[in-house]
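What TrEMBL records for this protein:
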- B:61-264: domain 'ABC transmembrane type-1' (DOMAIN)
- B:21-43: transmembrane segment (TRANSMEM)
- B:63-87: transmembrane segment (TRANSMEM)
- B:99-121: transmembrane segment (TRANSMEM)
- B:133-157: transmembrane segment (TRANSMEM)
- B:186-207: transmembrane segment (TRANSMEM)
- B:246-267: transmembrane segment (TRANSMEM)
Amino acid sequence: MKSWKLIPTLLAVALFVVVLSACGSKNDNASGSSASASASSDASASPSAKPSASGKTPDPVELLNVSYDPTRELYEEYNKSFAEYWKQTTGGTVTIKQSHGGSGKQSRAVIDGLEADVVTLALAYDIDAISAKGLIDKDWQKEFDQNSTPYTSTIVFLVRKGNPKGIEDWDDLIKDGVQVITPNPKTSGGARWNYLAAWGYAASKYNNDETKIKEFMTKLFKNVPVLDSGARDATNTFVQRKLGDVLLAWENEAYLALKEFGDDYEIVTPSLSILAEPPVAINDKVVDKKGTREVAEAYLKYLYTEQGQEIAAKNFYRPRLQSVADKYKDQFPQLNLLTIDKDFGGWQAAQKKHFADGGVFDQIYTPGS
Amino acid sequence: MAQARKKDRLLPGFRLTTGFTTLYLSLIVLIPLAALVVKSAGLSPAEWWHTVMAPRVLASYKVSLMTSFFAALVNLVFGLLLAWVLVRYRFPGKRIIDGLVDLPFALPTAVAGIALTTIYAPNGWIGRLTEPFGLKIAYTPLGITIALIFIGVPFVVRTVQPVLQDLAAETEEAAVMLGAYRWRSFFKVILPELTPALMTGFALAFARGIGEYGSVVFISGNMPMRTEITPLLIITKLEQYEYNQAAAIAVVLLLISFVLLLLINLLQRWAGRRLHAA
């Protein structure tokens, strides 16, 4: 009697399992584009591609580059250039899909199985997190030149035209009546660079006196009226809602804002800031599975070539290559730059001290402070 | 015996449908929720408690609960009014208004959030008007409440509307014949009939508000201890790869919602019994 009752249930289970597994296998390859809302593809498609030079790399080949928000324009241009380069050197056809989002969110998507061939994120910390899951080799940051960071940026101030509050340096941000817009360091990679740049300034000013630095930071964040969750949101708050007197922003974001709304804003470069290093890495597990290591490596290496550097500079990222840097030296003023490794002991240490729960950033916001 | 049993049920296919229901609910609701609990069990009890009772998290519960409650309350009153107008009167453009009610369901919540912020920010169309009177809307709990009112409207209207439609005209007519005037017949005859539907609508809007993220995150300003909602803190934990802690807070949020829904359900039953006993 009892077993009879179970039969319909079991049938239903069986049916579902079949349906699910069918869906699963079908979606396996498409997960790249379906998992990310903003995936887009750049293709220089040519249906009759010559066989590629190497026997191993499939042709035509498709790469997925999982990146963070402000690199959208950069990689749109870069992907076209790389596809042409690949065609010329190997005769192969490569299509690159892009996926953009908050850096941490993108990193989690890769951890949870988004099949990225390469990741190009806002912080080494986010790639470390993927590496900790065994997807990326532990020494990934030594795999490519310059800390695996082909282009850099820094944190600058965006102020309203004419700089009505006379903001020249970090000191001006803690004055009464100045409103500072920066996103929340706990949810935004860019905001962590902002925070550390301010900290670095205070550290040099107060000779590493921690109490005084914390006072400075507390005052600074008292002047922050809104903590947006991401860098693009903060830019919106400043540019569209007209809130605040100064926006702490990636240099490339500041230039983009200037390009869009040129007449309303000015960029102020502080005396000291931080070298923001958005690194790149190969997702070893995925490229080995798909047989795309060769092209993925070439894809990231090409970032360091003259053409790659030129595209980075055109998109307002500071190039590493001296010849290109010289060409664009008017665009990128010289200033003192701290580095995360030398001045903060690397991302793991900085994260633990400042942004982990109960860390310095939380202390700024605990009641009574 | 099997045949005797079969006769008990009016419609065939009970076993198949129950099996399907259980399985479907398990796959879609129960297993994911159970996974959440399992994930949060990765913390020791002390860590768990510490995570969900941290001052910032506590402050966020307060913000989330209060704003959701007030938003649901506003929707209760104005949702009823909307449903009333839509059911009882004919006027040009009625179909359009009826259609508009559902739009908050269709709109991605982030779009709603950005639109609301644009309007209620100090330089927005409405924010500009209220600012001189010292009334700040965006980046305050008031702004969060408005976002939650927006996403909660359809819940009340759509649960009350059909009940109002089915309300027998005779009872109302009888009330009037017996000398009850407008307000009296509304409060004594109509409102009690609507109460269960209203409560359901209220509960749905309330629960939705507690979990809402997309529309709120832009208008709230996200200031710790003041306008930080609990779902944002969950996202914050995820951004730090603290899956267990995120799950722990999510479980607490679920528990709060569940208890609230249960309470409202009980209240609704009690109200229903009273109505039928009367």
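Glycine residues also receive a Cβ, built from the backbone N, Cα and C atoms like all the rest.
Unlike curated records, TrEMBL annotations are generated automatically.
Remote same-chain partners of the transmembrane segment (B:21-43), defined as residues 6 or more beyond its termini with a Cβ less than 8 Å from a stretch Cβ, comprise 51, 243-245, 247-248, 250-251, 254. Within the same chain, residues 82, 86, 127, 137-139, 143, 146-147, 150-154, 157-158, 212-219 sit at least 6 positions outside the transmembrane segment (B:99-121) and bring their C-beta atoms closer than 8 Å to a C-beta of that stretch. Ranked by Cβ pairs under 8 Å to the transmembrane segment (B:133-157), the stretches B:63-87, B:186-207, B:246-267 are led by B:63-87.
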